[in-house]
């Protein structure tokens, strides 16, 4: 966002040098500003505080108007640190909301909440900007057709399919593979759908944001040689930023994604990590603005704020935004207002399991805990639905038998249960898959598996046709033909050893 008030561009009006406002009160990241009569800014307008601090360094702080207080005063929330600000400093109304660069030039770059690049790669090569505040698409613009968003990841497509233009909650602790799964989805949407991705880092660790950027460069998701060939734009408002920046960075990322959907007519993946931090920042701002807190100390406008973000994430007749949102659950309490409000908007949940991660099953998506509203016969078809249900039943029965196996051993099971356990172990291994973005670590080429191939593979395992193959043959392969080929190779190797 350009904050020189005499310059046009970046969605900020060309303004004459007019009588500015003055800072009259500073409470942490919240400022009260007095304007001359008749010159009051609108709600959500961007203000710029200009001046010099006590050692003569220039100050340029962007703020957003949140309340009109009367007596020609407004209350605004700062988007960067307010260190060095003093009462009486000049404040200029830009006449428009915060506006950020959009379009292909944003790919491969890292931005802050104001749309300023923070990756030391120079200015963004675009004059196209969009305001971060806008209405959700009108009902008549929406594409209400229910369609599956194929990811090429077997466990997701079969058991908890994503809806095109839907919202997915990604649940998982530290180190279970959220980042790798996110990068694989970014890679696959670019290859299979010709789509792009936008990653919004909302209130998470700066180190994690840096690690993600480095891993994306290493795996080719961000192309260092030709930045225009990159598949993702990154927008960061990390946990050291003021609450205003953390509250608005999700909208900045969403605005960039909306341009790809509405103007470029592409399918877009929008990642938000972490949606809880968006609510948390809103809660901090709400208290500073003097609003009465609601349940558990959250802001009274919690549902409205969440709705204004989530309702813009949808499919239109031009394209779609499919959003994957990491959800932190405070104290593992699912009834906490923040996660409870988030759940109301989700179409699917992808739960990552530390137990599967310990077994070496990657991706470590829990097939029994992950859910989707799309897994209905009228949407996915009878064949897909039946196969998914039989896979879940087999895995559920295996889970129930594990205590007996641990105490008494496999030999104490009935013949029928032994067969079921063998098939369940094959299914568990067949749900694993080599990822394109993990090639540099594993040395094995990544695999994109179409939905029809996935269904065929699991049907063959369930039917018993592959009972004679060793379970190791199903581990980290793509489709079922690769599993049978791997079984033959394993047999040849064992024969050679003999």
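Including glycine, each Cβ sits where the backbone N, Cα and C put it.
On its own chain, residue 179 (ATP binding site) has 208, 211, 212, 215 as residues at least 6 apart in sequence with a Cβ closer than 8 Å to its own Cβ. Residues annotated as ATP binding site in Swiss-Prot: 172, 173, 174, 175, 176, 177, 178, 179.
The ATP site is set by 172, 173, 174, 175, 176, 177, 178, 179; from the centre of their CB atoms, other residues of the chain with a CB within 8 Å are 352, 357.
Taking Cβ-Cβ distances under 8 Å and a sequence gap of 6 or more within the same chain, the neighbours of residue 178 (ATP binding site) are 170, 172, 273, 326, 352.
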